[in-house]
Amino acid sequence: MSRFARLLLIVALFFTNAWAKTVKETLRITWKEGAPNGQARELIYTNGQFPSPTLVWDEDDDIEVTVYNEMAKNVTVHWHGLDQKDTPWSDGTPGLSQRPIQPGNKFVYRFKASPPGNHWYHSHEKMSLVDGLYGAIHIRPKGDRTGLWSQISQDKDDIKAMENAAYDPEYLVVSDWSQYTSEEYWKISTDSGLLVFCLDSILVNGKGEVYCPGQKFLQAELAPGLVEDAFPPGTEVSDKGCFPADLDQVQGGPWNITKRPDLIPPRVQEGCVASRHENATIVVDPSKNNGWVSMHFVAAATIAQITFSVDSHEFWLYEIDGNYVNPRKFVSAVMSAGETFSVMIKLDQEPGKYTMRIPNSGASQVLGGFAEMVYKGCEREEKAGKAYLSYGGNPTSPDVEKNSFFPWQLDTDHMSPWPPNKPRPGNADEEHLLVLGRVGAPYNYTMNTKYLYPVDFQNDDPLLFYPNATRDTENDGLVLRTKNGSWVDLILQVSTLPGDTSSFEHFMHKHGSKTWRIGFGTGVWNYTSVEEAIQERPQDFNLETPGLRDTWITAFSIGGEAYWSVFRYFVDNPGPWLFHCHIELHLMGGMGIAILDGVDAWPEHIPEEYQVC
């Protein structure tokens, strides 16, 4: 190597190391009483706050997070959306990458800040996401994004302003909230023999209220046609906006268990008790960044499907699940539990105070949520603006509906990656058919026809360290194995299992890699290969510009119509990765599967501090 070449190498290494820095964080997890919606219950605090602190890093930073468990129960922390390339021991999934952190103990997570974008972190121990351990993550990118912003505006000042706005966004962690802890909530379902999913509030950045607008008002807020299409004539919601818990359309079946709706405590399904508290306020400055502001939304919901809008303001959706997309302009958007969205808003309206409407848009409950976007200096102004959504999330006009993002409609969910990134065409190397639904009880969920993923699966012998522990056992039905360097298709079928022909959506999240949704259609999957399905139903597939995400929604099916989806990904990140529904009740009920990606290139050099024996 010449002297000049060596000099260039030294310079390159210097700047690489100068850019990537080591960032150390400390998270102390405690359990105490709080009242984020004005009604007291016990919940999880992180460093004394709820929700957990926002963590901001630069791409490729070396991250070290020490988690101290100061509760009387187990905990882990999952870094949702981070690929954990070469660090599968830091994914934070009990039974796969680690043992749970016992009370009084600590665990140190080490990983690269990658990929850039909007992510989040949360507990992955049983249903404890319900209890409040979640916070936003922002990884600021190295690269230039001029090509992204130029799709929104060709003005050079605007492009620079949007880059600056995206570098320092507003963070909105949106969560649903119940008066019951996760353990209490799950016990209500198992005691009553009914899947219970009624909530009390929608919170934004840990703030919200309990609204009781009256049963007649809530009945009028039902999505048009929902009762007629899905439920018996005359079905009415409760004064909390919830459907009757014992409806066959909700509970499925028949199941060989006894339904005991009388064991559902008061105020779970009905008996609304209002509380005034406070809603989150987002102060924005139109004098900064040429009037552009970026907002990062995290759907830290456990059951609800969230819709958001800002009165009188359109927005450009430019990032989903930490992956940049070709921007599109909307006035409202629907987020599924687990997803993250980033939007760019032009502050071009009359300075004032504008309502942010953030209701539950799912068919589970009519439930409103609110925050305020306030132009700086207008904190004392009266609210102004045009509403795009009603209390229950219905569009206020046909134009609003035309300009809204719906993940279950392929014509609006055509959010292709930027820069272009598409999967291999033709057949994959491996195909796995996963049949989703309920088995045996309304709260038991499977991903492979019959097996339920236990919440303590392999907790003592995590699969990262014991990848063959389930072989020759019935539990091997909970494990998929793939080869490194292969293209894999995951085919998800819903609404075909006995007793589960009426199926609510599932929000399917894969750890360790993003997937392209290349196909979506109605009916029963009865093809010998994806390639055969493409030949027979080309209109149901897209391999040129499919979306790329880590969380996808399956179809809502009431009335027996089956649906399937096809997700494709490339195996280049060996490790044990959980693939599961991000609705906490469904995961607690068994809707998960362990995917051991790259078993032929399994991590061999695991740092000694992470070894278990």
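In case you wondered, yes, glycine gets a Cβ from its N, Cα and C as well.
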Figure out which of His580, His586 sits with His124, His511 in the Cu cation 3 site per Swiss-Prot.
His580
Need a hand: Swiss-Prot gives His80, His582 for Cu cation 2, which of His122, His605 is also on that list?
His122
Spatial neighbours of His511 (Cu cation 3 binding site) among the binding-site residues His80, His582, His586, defined as Cα within 10 A: which are they?
His80
Determine which residues of the same chain, besides His506, His509, Cys581, His586, have their CB within 8 A of the center of the CB atoms at the recorded Cu cation 4 site, and list them by sequence.
Ala337, Tyr445, Phe507, Met508, His580, His582, Ile583, Leu587, Met591
Cα distance, His580 (Cu cation 3 binding site) to His509 (Cu cation 1 binding site), nearest Å?
6
Can you list, in sequence order, the residues of the same chain other than His124, His511, His580 whose CB lies within 8 Å of the CB centroid of the Cu cation 3 site?
His78, Asp91, Thr93, Leu96, His509, Trp577, Leu578, Phe579, Leu587, Gly592
Mind tallying the domain 'Plastocyanin-like 3' (468-598) by DSSP state, helix then strand then coil?
20 helix, 52 strand, 59 coil
Centre the Cβ atoms of His80, His122, His582, go out 8 Å, and tell me which other residues of that chain have a Cβ in range of the Cu cation 2 site.
His78, Trp120, Tyr121, His124, Leu129, Tyr134, Ala300, Ala337, Gly338, His509
Taking the Cβ of His124 (Cu cation 3 binding site) as centre, how many other Cβ atoms lie within 10 Å?
28
Out of the recorded positions Asn74, His78, Asn279, Asn484, His506, give me the one sitting nearest to Asn256 (N-linked glycosylation site) by CA distance.
His506
